[in-house]
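Presented below is the structure to which this report refers.
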Amino acid sequence: MRKNLWTFQFGGEASGLVGSAMVSQHFVVLLMSLYCLTQSVVESSSWWSLGMNPVQMPEVYIIGAQPLCSQLSGLSQGQKKLCQLYQDHMQFIGDGAKTGIKECQYQFRHRRWNCSTVDNTSVFGRVMQIGSRETAFTYAISAAGVVNAVSRACREGELSTCGCSRAARPKDLPRDWLWGGCGDNLDYGYRFAKEFVDAREREKIHQKGSYESSRIMMNLHNNEAGRRAVSTLADVACKCHGVSGSCSLKTCWLQLADFRKVGDHLKEKYDSAGAMKLNTRGKLVQVNNKFNSPTMNDLVYIDPSPDYCVHNESTGSLGTQGRLCNKTSEGMDGCELMCCGRGYDQFKTVQTERCHCKFHWCCYVKCKKCTEVVDQFACK
């Protein structure tokens, strides 16, 4: 019956066999295309999505919590296993991702690429499939966010496997100052972030010397740079004790820096990021040997940045059409650079602000609301 069907469609037994082979070939191609598409979706999904859809707790951890980890989008197999072992950590990984995303958007708010998110589990879209310096920054700031969130959660007693910092007393701390209190557990936060964030890269298997292997090395390097930024900027904080605030005695502990400082630090590293390439041994080396080799504290990239001026679905660029710009600025936020020479439209908006604020005894400030019509400019 099947033979007759093909004969009917292709006009004869011989042509039927050829037709069957052709259809089979097309079917295989279709399956391969679907497989590649599925793999692309899997590869593009990321644990960053935990920052977009916060993990609910505590009820999800009560009984049979393993399904939770399989339901969380963007996790690799290794990350799902860590989720099953450390389920109470997942909320703070999400917090760290969210902190990293927000800081990325703040640091690039005046740039053509402004760290915009998209409505899927890749979070940043196809632009992250390019090994650019923007991708390097994103990996670093998100890894830093996890260190920050987990270290702080330890200090606040939110996690069952860690507590206050046990960091050694700094050698330069004055003798009469006490080393104690409850510091941020940077050591634990660093180690857990390394285990979790790097898991996705370490479980990938690609041929040595391939582009994919260079991306893995790039991602791991920038993850480490992000973690080290948090570690480098952490400092000693102290509290005074004594009669009438005389500060005759101080208690000190290790404290994380404000995350804005981490963002500023990594933004500087972004501006000076090193362009890399694969050598014959399958290692990343500098493209230009005239510069100092990047350290583990620096960011590295392997691809030039795409054109962020125009919308391009293949690269993930959203373009700058409709972006607000500063008419009087000569910087990246200025209309000339932001709009890529396309010009801009002017429009008026009404802004409401607090004004004429007065302090009243005791103890509050009362303000009026003032409205103002202002000119704004948006790229064509």
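Heads up, the Cβ atoms here are built off N, Cα and C, so glycines get one too.
The model shown is predicted, which means the values in this text are computed figures rather than measured ones.
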Among CYS83, CYS104, cysteine joined to CYS115 by disulfide in Swiss-Prot: CYS104
Disulfide-bonded cysteine for CYS335 as listed in Swiss-Prot, from CYS325, CYS340: CYS325
Partner cysteine of CYS339 (disulphide bond, per Swiss-Prot) from CYS252, CYS370, CYS379: CYS379
From CYS362, CYS363, CYS367, CYS370, partner that Swiss-Prot gives for the disulfide involving CYS357: CYS367
Recorded disulfide counterpart of CYS340 (Swiss-Prot; options CYS309, CYS363, CYS370): CYS309
Disulphide partner cysteine [Swiss-Prot] for CYS355, chosen from CYS247, CYS252, CYS370: CYS370
Candidate cysteine (CYS164, CYS182, CYS252) that Swiss-Prot pairs with CYS238 in a disulfide: CYS252
CYS104, CYS325, CYS363 filtered to the disulfide-bonded residues whose C-alpha is within 10 Å of ASN114 (N-linked glycosylation site): CYS104
Pairwise Cα distance for CYS164 (disulfide bond)/CYS339 (disulfide bond) [Å, integer]: 49
Number of other Cβ atoms within 10 Å of the Cβ of CYS115 (disulfide bond) across all protein chains: 22
CYS309 (disulfide bond) versus CYS339 (disulfide bond) - Cα distance in angstrom: 7
Pairwise Cα distance for CYS357 (disulfide bond)/CYS370 (disulfide bond) [Å, integer]: 11
